[in-house]
Amino acid sequence: MSASQNHRNSGVSHGLYDQPMQDVELYCFPQNSQTLDHYLSSDENSQQIHFTVQNSHEQYLTLQSSSAAGGYHSPSTISFSPNGSPVSQQDSQSYPSCQHYSPDNTYGSPISASCITDDVNDLSHKLRELETLMLGLDSDNVDRFGNTFHSEENQASFELEKRKAMMEAVHRGDLKQVLIACAKAISDNDISTTDWLMAELREMVSVCGEPIQRLGAYMLEGLVARRVASGSYIYKKLRCKEPASADLLSYMHTLYDACPYFKFGYMSANGAIAEALKDENRIHIIDFQIAQGSQWVSMIQALAGRRGGPPHIRITGIDDSVSAYARNGGLQIVGQRLSRLAELCKVPFEFHAGAISGSKVELKNLYIQPGEALAVNFPFMLHHMPDESVSTHNHRDRLLRLVKSLSPKVVTLVEQESNTNTAPFLQRFAETLSYYTAIFESIDVTLSREDRERINVEKHCLARDVVNIIACEGAERVERHELLGKWRSRFMMAGFTPYPLNSVVNATIKSLLETYSDKYRLEERDGALYMGWMNKALVASSAWK
């Protein structure tokens, strides 16, 4: 996601626990296919997506519309129950006595339930249980498609049943299942099935349709990019097509207003910063992804009315030098806006622009001065840092150790509550589908489907991230989200301890959230704040010292 933040008190319920996704069904498909002979673009009249699979990297894919002028264990191990009460994976599933744990499973929940046995039938049963746990299939679907250990005759019948089920999914227009099925075919390197399903998907998605249709258009683009093994090339082309800095700032501002996750994530972080610096006369805030700078508008306004006069505020805004925010003077635009606001509020203010990737930040880039109380803000930014799973240079943890060495008064973290870092492709795809479906559904609450601004917001602020998660691997995949449990481990290894979030701010966030839609959820647990849509936790906010 191209924004940065996450959040959590009074009257807020407790207890978010592991819960596997239950709606992922994986199928095999008929071995017939259609030749793809159109670029992935939208027809002016139908808004349907067309595409071409090219072997040459010189052909890349874009989504355009006349209306748009201008270690995985479950997709989310933190979720809300429909009635807002805690949901425990341990309560909903039982496991055999032999349990294996993944180092990425920060909650220590079992992901494997197979035991050594000499009984072939028992082993088959255990492997089926393992498949259920790993792929998120419910027991009914596992029973429906049967054991994978069959005689040749039974196996043929098994495949035929799966093909029939897949044809039914296509016939009834079950877009979610067809998307997952296409990802499964790509994962299995089943080219003919992949091409056939992409042709079907082309007729099912639309950038102007239902939330799942709009998201499906961008997920299809990611699948096509992965299909031709040119994900990183296409992703770079998409970055080159980003709008000018001022336009992207406008789109981000619209997204900020439309999706309260970002706004309330900022509020939660600001509450912790204001509490930690309430008695300081000289304040230095290092924002590791300043973006449009909206987070600091309310902070400057609040400090302007502080009893005894406002403190001197200095903000160092960091952003990747190749990002649209930093290109063409984007960071200077942010600095000018904040400076004008501070002047109107009569707040002493300085702004330093740091157009540099977070993975390259060193002490000299942070403009540390003696006599200033330091606060560090990580808003939807740390997941862009490569870690030990990408290379031997673990910048994710290195940056945390560097910040700890500065002895900050407080460090705030706002991140998407999603696991796309080390998860293998198929599970990562399912998690992305589940996560962004909730995001796109929530956008419909405030932006109409005919609104051109909504199309631009989704295309420029969300779609590129979706493509990156699906199409890219290795260092080229920069959207690598982790669950808060894993972030907690990283912060504690770097020497941090939890800093309590402001309870008054959390209560305010809860009451404000209710004015958007009753489908939004807010829960506090273990000193962190989780915000979500219906039963899906989307953003988590925490503070450290």
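Even glycines carry a Cβ here, placed using N, Cα and C.
Residues or ranges marked as region 'Disordered' by TrEMBL: 66-103.
As annotated by TrEMBL, region 'Leucine repeat I (LRI)' applies to 173-233. Confidence over the region 'Leucine repeat I (LRI)' (173-233), given as mean pLDDT on the 0 to 100 scale, stands at 90.
Positions annotated as region 'VHIID' by TrEMBL: 252-317.
Sequence-distant contacts of the motif 'VHIID' (283-287) (same chain, at least 6 residues past either end, Cβ-Cβ under 8 Å): 273, 277, 295-296, 299, 303, 311-318, 366-369, 372-377, 379, 403. Residues annotated as motif 'VHIID' in TrEMBL: 283-287.
If one looks beyond the region 'Leucine repeat II (LRII)' (333-365) by at least 6 residues along the same chain, the residues whose Cβ comes under 8 Å of a Cβ in the stretch are 245-246, 249, 288-293, 296-297, 300-301, 303-304, 310-322, 325-326, 381-382, 384-386, 393, 395, 399, 402, 405-406. Residues or ranges marked as region 'Leucine repeat II (LRII)' in TrEMBL: 333-365.
Residues or ranges marked as region 'SAW' in TrEMBL: 471-545.
Remark: secondary structure over the region 'Leucine repeat I (LRI)' (173-233) totals 45 helix, 1 strand, 15 coil, with classes taken from DSSP.
When DSSP labels each residue, the region 'SAW' (471-545) comes out as 25 helix, 23 strand, 27 coil, counted as helix, strand and coil in that order. Applying DSSP to the region 'Leucine repeat II (LRII)' (333-365) sorts its residues as follows: 18 helix, 7 strand, 8 coil. For the region 'VHIID' (252-317), residue counts in helix, strand and coil come to 34 helix, 12 strand, 20 coil, using DSSP.
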